[in-house]
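Peer 1: To start, I am sharing the structure in question, which I have written as structure tokens.
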């Protein structure tokens with residue numbers, strides 16, 4: 001086995017690990033929703049979508065036996081992580097600067113109209129407001145933890161893309 005094959009195998013293993021972590025984070029969100037009754041807001045649901053996209057792209061990337069396929073799916077996973085960073089940062093901002101919502105979030109109809117909200121309403125249906133701040137976990141709010149998780153997902157993906165940019169075959 002040459003060095004390139006060993007590196008590809010390691011890369012694929014790391015993608016599986018990343019996917020499992022993202023699925024565990026969504027599982028944690030569902031635990032908070034159903035057992036601690038912390039209703040998800042539109043930005044929470046969008047963050048779930050981004051975690052699931054990262055997991056899907058990482059699992060698919062781990063199935064490829066060539067650098068070209070792995071790199072393509074790493075790019076898609078990194079873009080999903082960037083989308084998650086933007087969404088989580090917006091959520092942190094909204095909670096730090098609450099406005100007047102009248103009990104309605106403008107994103108709710110959009111998020112609830114997406115097909116997964118109809119297929120799996122228990123996972124993707126909006127039930128809360130983005131301004132609602134739940135008790136912090138280890139000193140950070142849920143949007144802050146989500147932001148940390150997206151950054152932690154993005155950094156290794158970006159480093160991998162830079163480190164392996166010459167591997168095409």
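Placement of Cβ uses the backbone N, Cα and C atoms for every residue, glycine included.
Sharing the features that Swiss-Prot gives for it:
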DISULFID  41-44  disulfide bond
DISULFID  102-130  disulfide bond
TOPO_DOM  1-14  topological domain 'Cytoplasmic'
TOPO_DOM  32-49  topological domain 'Periplasmic'
TOPO_DOM  66-71  topological domain 'Cytoplasmic'
TOPO_DOM  90-144  topological domain 'Periplasmic'
TOPO_DOM  164-169  topological domain 'Cytoplasmic'
TRANSMEM  15-31  transmembrane segment
TRANSMEM  50-65  transmembrane segment
TRANSMEM  72-89  transmembrane segment
TRANSMEM  145-163  transmembrane segment
Peer 1: On average, what pLDDT score does this prediction assign to the topological domain 'Cytoplasmic' (164-169)?
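Peer 2: Mean pLDDT, the topological domain 'Cytoplasmic' (164-169): 63.
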Peer 1: Should anything in the same chain at least six residues away from the topological domain 'Cytoplasmic' (1-14) have a Cβ under 8 Å from its Cβ atoms, list it; otherwise answer none.
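Peer 2: Same-chain residues near the topological domain 'Cytoplasmic' (1-14) but 6 or more away: 61-62, 64-67, 70, 156, 160, 164, 167.
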Peer 1: DSSP secondary structure for residue 41 (disulfide bond), reduced to helix/strand/coil, please.
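Peer 2: Where residue 41 (disulfide bond) sits, the three-state DSSP reduction gives coil.
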Peer 1: With every protein chain in view, how many other Cβ atoms are within 10 Å of the Cβ of residue 41 (disulfide bond)?
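Peer 2: I count 26 other Cβ atoms within 10 Å of it.
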Peer 1: Determine, to the nearest whole angstrom, how far the Cα atom of residue 41 (disulfide bond) is from the Cα atom of residue 130 (disulfide bond).
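Peer 2: Cα to Cα, residue 41 (disulfide bond) and residue 130 (disulfide bond) are separated by 5 Å.
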Peer 1: Could you round the CA separation between residue 130 (disulfide bond) and residue 44 (disulfide bond) to a whole angstrom and send it over?
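Peer 2: Rounded to the nearest whole number, the Cα-Cα distance is 8 Å.
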Peer 1: Same chain only, please: residues at least 6 beyond the ends of the topological domain 'Periplasmic' (32-49) with a C-beta under 8 Å from a C-beta of the stretch. Say none if there are none.
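Peer 2: Those are 26, 84, 87-88, 90-91, 94, 105, 107-108, 110-111, 114, 116-117, 123-132, 134, 142-143, 146, 150, in sequence order.
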